[in-house]
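> Here's a structure for you.
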Amino acid sequence: MAKLYFYYASMNAGKSTNLLQADFNYRERGMRTLLFTAAIDDRFAAGTITSRIGLAAPALAFDTTTDLAAITLAQDQPPACVLVDEAQFLTAVQVDQLARLADRHGIPVLAYGLRTDFRGELFDGSARLLALADSLVEIKSVCECGRKATMNLRVDAAGRAVTHGTQTEIGGNDRYIALCRRHFTERAASA
Ligand SMILES: Nc1ncnc2c1ncn2[C@@H]1O[C@H](COP(=O)(O)OP(=O)(O)O)[C@@H](O)[C@H]1O
Ligand SMILES: Cc1cn([C@H]2C[C@H](O)[C@@H](COP(=O)(O)O)O2)c(=O)[nH]c1=O
Ligand SMILES: [Zn+2]
């Protein structure tokens with residue numbers, strides 16, 4: 001039975017790298033894949049999944065209106081696997097579409113994304129993936145203290161913690177620091 005996987009982590013943990021490795025692994029065995037990433041995340045070239053380590057691959061850009069199942073099933077040949085980056089930006093309906101691809105069409109889906117936002121709250125896509133995925137896999141990274149970095153602190157240009165604002169704010173290592181819960185809480189409290 002095909003499964004829906006949610007690979008979750010804090011920022012800068014290696015999610016995109018992991019996705020691109022999985023994609024390469026399928027393709028080097030002659031299997032077709034279909035890649036999606038969020039249109040809203042325009043840090044790198046649009047329609048491209050880019051990892052900080054330097055790997056990149058073209059992907060279809062999704063927004064909240066994209067029907068990922070319809071696009072997948074409209075391909076000339078069905079892919080052996082669907083890989084989704086920035087899965088925190090999916091809607092709950094889109095996660096349901098991904099689950100249907102696995103359950104009804106036998107296509108494994110690997111979704112990669114953040115678990116929580118800069119306030120420590122679940123994103124919609126992540127909440128639905130945590131609820132539905134057959135397999136939850138944490139990709140681990142370290143806080144500056146050596147503990148596991150599970151949280152994402154948003155910072156301003158001066159490096160001060162930001163605790164209010166819209167959930168979506170695109171940025172990289174200049175705007176976010178992955179921290180353990182203790183250091184996230186301490187830095188957020190000092191804002
Ligand atoms: N030149 C490099 N060599 C090895 N690892 C690197 C290099 N540059 C960045 N990294 C590591 O890559 C990881 C970030 O990968 P990335 O896939 O972009 O993360 P994410 O998608 O989770 O934000 C970090 O752990 C970082 O330390
Ligand atoms: C914590 C948090 C993150 N984001 C944005 C910032 C980035 O553009 C992406 C995550 O990038 P990754 O390196 O691929 O993990 O999400 C956001 O909009 N709001 C947040 O609270
Ligand atoms: Zn810490």
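Yeah, the Cβs are placed from backbone N, Cα and C, and that goes for glycine too.
TrEMBL feature annotations, pasted as is:
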- Glu86: active site, proton acceptor (ACT_SITE)
- Ala9, Ser10, Met11, Asn12, Ala13, Gly14, Lys15, Ser16, Asp85, Glu86, Ala87, Gln88: ATP binding site (BINDING)
- Cys143, Cys145, Cys180, His183: Zn(2+) binding site (BINDING)
- Tyr176: substrate binding site (BINDING)
> Give the subset of the binding-site residues Ala9, Cys143, Cys145, Cys180, His183 lying near ligand 3, defined as CB under 6 A from any of its atoms.
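The qualifying binding-site residues are Cys143, Cys145, Cys180, His183.
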> Out of the binding-site residues Ala9, Asp85, Ala87, give me the one sitting nearest to Cys180 (Zn(2+) binding site) by CA distance.
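For Cys180 (Zn(2+) binding site), the closest Cα among Ala9, Asp85, Ala87 is found at Ala9.
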> What's the most sparsely packed of the binding-site residues Lys15, His183, counting other C-beta atoms within 10 A?
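With the binding-site residues Lys15, His183, fewest surrounding Cβ atoms within 10 Å: His183.
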> For Tyr176 (substrate binding site), just give me the three-state DSSP call.
strand
> What binding-site residues among Met11, Ala13, His183 have a C-beta sitting less than 6 Å from any atom of ligand 1?
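Within range of ligand 1: Met11, Ala13.
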> As a test of the contact definition, list every same-chain residue at least 6 positions from Cys145 (Zn(2+) binding site) whose Cβ is closer than 8 Å to its Cβ.
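The answer is Cys180, Arg182, His183.
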> Ala87, Cys143: which of these binding-site residues has the sparsest Cβ neighbourhood within 10 Å?
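Ranked by other Cβ atoms within 10 Å, the binding-site residues Ala87, Cys143 bottom out at Cys143.
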> List those of the binding-site residues Met11, Ala13, Asp85 whose Cβ lies under 6 Å from any atom of ligand 2, in sequence order, or write none if there are none.
Met11
> Between Lys15 (ATP binding site) and Glu86 (active site, proton acceptor), find the distance joining the two CA atoms and give it rounded to the nearest Å.
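Rounded to a whole number, the Cα-Cα distance is 9 Å.
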> Round to the nearest Å and give the CA-to-CA distance linking Glu86 (active site, proton acceptor) with Ala9 (ATP binding site).
11
> How long is the line from the C-alpha of the residue listed as 'substrate binding site' to the C-alpha of Ala9 (ATP binding site), rounded to the nearest angstrom?
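Just about 13 Å between their Cα atoms.
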